[in-house]
Amino acid sequence: MARGPASCSHRCFPLTVQTWKRKENEHTLFCKHCCNQEFKKCNMARGCLCCLKYMMFLFNLIFWLCGCGLLGVGIWLSVSQGNFATFSPSFPSLSAANLVIAIGTIVMVTGFLGCLGAIKENKCLLLSFFIILLIILLAELILLILFFVYKDEINENAKQDLKDGLLLYNTENNVGLKNAWNIIQAEMHCCGVTDYTDWYPVMGDNRVPDRCCMENSQDCGHNSTSLVWKTGCYEKVKMWFDDNKHVLGTIGMCILIIQILGMAFSMTLFQQIHRTGKKYDA
């Protein structure tokens, strides 16, 4: 009877050691499995970050190239068509060339920030890119809302400003304004702002510019109101916008989608860099 407990202890001890070793092996295998899973997750996260980075770079490279193109067109217009000015005397610098140059510069700088921020994985540049796009988007929305709220006032003020510009038609140092009116009247088959009588205070009674004539010839605008275009250019421009509203709306939606995608890409890449612990690059 005295050897009973000892014998029992002798039988149980090896079983305990085997169980412990088996559990240790299971724990080791489990740890290896966890490490492999974590390694795969890290590789997947890094792969997603790399893919997102180059998508962001490509997106902004196209954006930057578009900005360069617009800037080049604006400079070309300014150099080769420098005598083509604005219609409005209140905003003499608001010419087509200056507008294209301004838009091209903004697009080019924004695209450059996005490209550099993506390829360098720089959170500061990505955040700056996001903020610039957000400001542009908010400004567009505010201007659109203000336009629809004050549509009637804008129409009246625009008409009056254009009529004031007609008074400068034959003055010196306003060749650009004269050329602008001649081109739009000939191309859009219109005369004056609201109608051909807008020219009477400028040209004299029963007299309009020759470009208002249905068949352009020398001095055709003298006392021949029956042969001139009756519709005003302001109404013609409104009709053009109305006829092309679907195309313009599609272009506007594409621009909006591009801006939203740019903001989404930049913020997603910003968050991925933050999660992977990417250090700030000055």
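Placement of Cβ uses the backbone N, Cα and C atoms for every residue, glycine included.
Listed in TrEMBL:
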TRANSMEM  54-79  transmembrane segment
TRANSMEM  99-119  transmembrane segment
TRANSMEM  126-150  transmembrane segment
DISULFID  CYS190-CYS220  disulfide bond
TRANSMEM  247-270  transmembrane segment
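Sequence-distant neighbours of the transmembrane segment (126-150) (same chain, 6+ residues past either end, Cβ-Cβ under 8 Å): 60, 106, 110, 113-114, 117-118, 256, 259-260, 262-263, 266-267, 269-270, 273. Same-chain residues lying 6 or more positions outside the transmembrane segment (99-119) and placing a CB less than 8 Å from one of its CB atoms are 53-54, 56-57, 59-75, 77-78, 125-126, 128-129, 132-133, 136, 262, 266, 269.
Secondary structure from DSSP puts CYS220 (disulfide bond) in coil.
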